[in-house]
Amino acid sequence: MPSQRKSPDQKRPRRSLSTSKTAKSQCHSITSYFNSAPPAKLACSTCHKMVPRYDLIRHLDESCANNGVGDDVQVEPAQAGLMSPTVPTSDLPSGPLENVTPQKLSPPKRSLISVQCGSKLGIQQQTSPYFKDALVSKDQNELPNQSVEIMPLGSLTSKLSRRYLNAKKSLAKNEGLASQCPQTSPSTPGTSLTDNCPEMEDKDEVLNSSQKENIYSCAPLKEENASEQKVKNNKITGDESQKASCGEPALTPASAEHASILLSSDSTLVSNTKSSPGDTLVKQESARRADVGLAEPLEVRSHKEVQMTFDAAAKTLVSGEAESNGPTDVDMSDMTTWSNNQELVREAGSVLHCPLEQGSSCGGPSETAQLALSHPYYLRSFLVVLQALLGNEEDMKLFDEQEKAIITRFYQLSASGQKLYVRLFQRKLTWIKMSKLEYEEIASDLTPVVEELKDSGFLQTESELQELSDVLELLSAPELKALAKTFHLVSPGGQKQQLVDAFHKLAKQRSVCTWGKTQPGIRAVILKRAKDLAGRSLRVCKGPRAVFARILLLFSLTDSMEDEEAACGGQGQLSTVLLVNLGRMEFPQYTICRKTQIFRDREDLIRYAAAAHMLSDISAAMASGNWEDAKELARSAKRDWEQLKSHPSLRYHEALPPFLRCFTVGWIYTRISSRAVEVLERLHMYEEAVKELENLLSQKIYCPDSRGRWWDRLALNLHQHLKRLEEAIRCIREGLADPHVRTGHRLSLYQRAVRLRESPSCRKYKHLFSRLPEVAVGDVKHVTITGRLCPQHGMGKSVFVMESGDGANPTTVLCSVEELALGYYRQSGFDQGIHGEGSTFSTLCGLLLWDIIFMDGIPDVFRNAYQASPLDLLTDSFFASREQALEARLQLIHSAPAESLRAWVGEAWQAQQGRVASLVSWDRFTSLQQAQDLVSCLGGPVLSGVCRRLAADFRHCRGGLPDLVVWNSQSHHCKLVEVKGPSDRLSCKQMIWLYELQKLGADVEVCHVVAVGAKSKGLG
C-alpha cells in the first residue's frame, strides 16, 4: 500500500474536514474516508515531546523522562494515612468479608482500590502515567527529575497491572511496619506488630474482598479470647492438645471449628472454613519464610521430625498472640502451618536472599528486593525452588560440597546469566545453534552472557562438540543435503534421518589412502565440515544440570505419585510455581508435617533420580510406539535393579508406609518391570511376560495396589495365549485369595474362573475349582434406544445425528452417544443432566469431606506447599488414619435432610472455590445452584454410601461410576445412567458400581444405544 511504501514525512497532509457547501456538493466514494494519513509524530502525554508515531510505546517504556512516576508509585505513609493514629477508625470499613467467594483468576482491581480506598483511607489514586493530568507541562524544563526504571519490553498491560501490587508490597514491608509501629521493640516481647496497626485489617479487607488471605494483614488483638482462639486455630501456641499434632493421638480437622462438628448432630457441617485475617497472617508468614528461605535452617531432631524456627521478626509477630495463653514461648517443633495461596510465591521474588559470598548478583536484602522484582517469571520460580532447598537442612544433606558450590556459582552469576541458564535448562538437553537463540528480554547480544556461563562451568561450546551424531542432529535438512553433495552421497534428496544414516555409514569406512598415517580419517573430515556448517553452538553441561534436576525432583517429589512424566526431574513443577505466582492457581490450606526422612543419603537420592529418568524414557518410548527401544531400556533397568536388590538401604525403605515407599528406588524399578510386561505383550513375547509377572507377584513390598492387574494379566496370558489351563486355574485361585486384589480385578478373575469351569476342555480340572470364593454382582435395569449413526472413517468413538431446536426451526447436530442419551432423558421428563462420570461424585465427596481430607494431625501426608491432596489418599491408610472423623461425618450425611446437604455444599463451595484439589472439579457444575440441586435429589443415604466407598479405596473405586446423572428439578427424581454405544459392554468396575448404587437405593439403569443408518438425512 502507498502508506507503507512512503515515509511518514512524505505522506500527503490530512484532508480538510470542512463541511462547507463546496465540500458537501462533492460526491466521494467510501474509500475517501480511509485516505487521511495519520500525523508522522505525536506528542507524548507524559513529557510532551514530539515522538515518531511508531516509537511512542518504546518512548514511554524506555526514554520518557517521567515514566518512573507511573511505574513505581511511591505512597508515603503521611499521604496515604493507612496506619496513622489520627485517622478515626469509624471511617474505616469494619467486619470481615467472610462470605465473599475467592476468585482464582481475578487479580486485584485497580478501580476498586482507587474508589473505595482513596476516599476513606487517603490513598493516592494509582493512575497510569499515560493519563496523569498532573504531569502536563508546556515547558520541558518544568518537569521534575524522576528516576527512570529500565524495564524489558514485553506485555505492557501486564506491567501496568502489577504496579499497584508492587507499590503496596513496598509500603507494607519497607515503610509501614517500621514507621507506623514504633512502639514495638525487642525489649517488649508481649507486644506484637499487630497491636499497633489496627487499620491494616480494615484496609486489607477492602482491597482484597474476595482473596483477603493473600495480602499481608495485621489484625487487632485487643480481646484476649479472640486472639487465643486464632492462635489455637493455627496451632501456634503451646497448647497441650496440639503438641502431639505430628504424633498418633491428635487428629483434628484443618479448622478448629470443625472439631466439634464431627461428633455432633448439628446441621452446620462446615462452618467458617476460611481463616480470619489474623489466622492467615500467621499461616502466611510461616509459609513464606519456609518456601523462600527466610526461616532459619530446619533442624532434624532425634525423632526425625522437621522443626521450623522463625527469625526475630517472626518471633515478634507471634509474641503478642502467645502472651494470652501464658509464656511467650512458641512451640513449633511439631508442625509448621502453611497457607498455600497464590500470593506466597508472588511475593517470594521480593524477599529472596542469597546466602552466599560477595560478588553475587544479589548483593543484600535491599538490593535483593529491588532486583528480584525485575526478574522474569521463570527465574523467580527457579529461585523459589532453590530457596526451598536451602531452607531445609534435611534436603541439603543430600548434596555434597561440590554440588553446593554449583548452587553458589549460580547465585554469583549476573542477572542475565541466571536468566539465560534457566531458559536453557528448561529446554531439551541437546546442542543448540547460537543463531537460534533469541531472548531479547535478556540481551540483544547473548555472546557475553554465553561466555560468562561457559567460564562458570554451566555451558559447553562447539569446541567440545566431538560426537558425530550430535553435530549431524544439529544440522537442518537443507544443510545436511548440502553436506551430502560435498561427499557425493547417493540420493542426497532423501529424508533427514536417511541422510544421517548415510553419513554414519560413510564414517565407518576406512580411508583409501592408508599410507598417510597423519591424514585425518573420514569421520574426522565429516565432523569438521559439519561443525563449520553449523557454526557456533552450545549445550548445558550435564553435571550442573543433573544437580538442578535433582533439586527440582525433590521439590516436586509428591507429584510423581500419579504423574508419569513427573519422573523426568520435576520440570512441570516450575509451571505450577509460575501459575501460583501469577495468581492463576491456589492450593488448599493445610498443615505441613515432615516427620520421616525418605532418602537416607545422597547416593540414595541419585539412585532414585536415575530410576525415575529411566521410567520416563521407557514411558516416552512406549508413547511413540518404539516397543523395541522400550524393551531394551527395560532390560537395562532390570540389570541395574538386580545389582541393587542386596543394598542395605532397601531394608529402610521396606519400613516406610506405602504412601512414602512409593518415593523409593525399589518402587520405581517395580513400575518399570510392570511397564515391561506391557511391552512384551505388545511384542507377543508371552513367555517372557509371564516370567516377569511371576517375579512381580513374588514380592509384596512394592506397588501392592497393582497386584490385581498383575494377577489378571497372568491369568489371561496363561489361559488365552499359552493355553496352560491348569496353571491359569491355580493363578486365579491365588489371585482371589490375595487381599490386595480389589473390585474390578477381583470380579474379572472370578468371571474367568466361571468360564473355565464351564468349558469342556477343563473337565479334568474340576477339582481345582472347589472352595473357589464367589463374587456375586446383581443385574440392574436395561433400556435400549436408537440413534442415527454418522458415517465416519477410521477408529474412534461413534458419532450420532440428533435433531435439535424447536419445531419451527429444527436443526441437525452431531453428538456423542452420551449426548444422545441426555436428549432421550430430557424428552422423558428429566430437565437437568450432567455427563461427568466419576468426577461428578468425587466433586460432591470432596466438598462434603473437604476439612477432613485436609485435616491436621497426620504426619507426612503433607510435605510441601503445592499438594492437591494428602499423600495417603490412594492407600488404605487414608481411611484408617481418619476413621473416627470420617465415620462421624458419614453418619451425619446419611441422616441429613436435603436442606442441610444444600447448606453444607454451599458453605464448602463458597469457602474453597477455585482451590486445586484432586477430588474436586470446579467446572463440573455450571453453578453452585446446580450442585445443591443434585445433592438434594440424591439424598443422604446415597451420598454417604458413595463417599464411604471413595474414602475407603479411592484408587480402585474412582473409576466405573455411571456416565450420566439426570434429575427433575420439580419432583426431585434422580436417575444414574451408564450409557453403552454399539459393540460396547459393561466393565467389571461398572458392574460393581451399578450394583452398589442400587443397593444404596439409587435409581440406576444401563442405556444401550443401537445405531441405525443416517442415509435419510443425506449424510451418507
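Each residue, glycine too, has its Cβ placed from N, Cα and C.
The Zn(2+) binding site annotation in Swiss-Prot covers C44, C47, H59, C64. Taken from Swiss-Prot, the feature Mn(2+) 2 binding site covers E837, D963, and the record attributes it to similarity to another entry. Look at Swiss-Prot and you will find D963, E978, V979 tagged as Mn(2+) 1 binding site. Marked as coiled coil by Swiss-Prot: 673-737. What Swiss-Prot lists as compositional bias 'Basic and acidic residues' is 1-11, 224-242. Taken from Swiss-Prot, the feature compositional bias 'Polar residues' applies to 180-195, 269-278. Sequence annotations record features per position, and here Swiss-Prot assigns domain 'VRR-NUC' to 898-1010. As annotated by Swiss-Prot, region 'Disordered' applies to 1-24, 173-208, 224-252, 269-288. The motif 'D-box' feature in Swiss-Prot is assigned to 14-22. As annotated by Swiss-Prot, zinc finger applies to 41-69.
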Other residues, Cβ within 8 Å of D963, E978, V979 Cβ centroid (Mn(2+) 1 site): E818, A821, E837, P962, L964, V977, K980, V1006, C1007
Spatial separation of E978 (Mn(2+) 1 binding site) from H59 (Zn(2+) binding site) - C-alpha basis, Å: 63
The motif 'D-box' (14-22) [mean pLDDT, rounded to integer]: 46
Listed binding-site residues among C47, C64, E978 whose Cα sits within 10 Å of E837 (Mn(2+) 2 binding site): E978
Secondary structure content of the domain 'VRR-NUC' (898-1010), with strand meaning DSSP E or B: 55 helix, 19 strand, 39 coil
Per DSSP, three-state class assigned to C64 (Zn(2+) binding site): coil
From binding-site residues D963, E978, V979, the one whose Cα lies nearest C44 (Zn(2+) binding site): D963
Neighbouring binding-site residues, C-alpha within 10 angstroms of D963 (Mn(2+) 2 binding site) - of C47, C64, E978, V979: E978, V979
Tertiary neighbours of V979 (Mn(2+) 1 binding site) (same chain, Cβ under 8 Å, six or more apart): V817, E818, A821, D963, L964, V1006, C1007, V1009
Candidates C44, C47, C64: member of the binding-site residues with the richest Cβ shell (10 Å): C64
Spatial neighbours, same chain, of E978 (Mn(2+) 1 binding site) - Cβ under 8 Å, 6+ residues apart: P962, D963, L964, L986, Q990, L994, V1004, E1005, V1006, C1007
Binding-site residues listed as E837, D963, least Cβ neighbours within 10 Å: E837
In three-state DSSP terms, the structure that H59 (Zn(2+) binding site) belongs to: helix
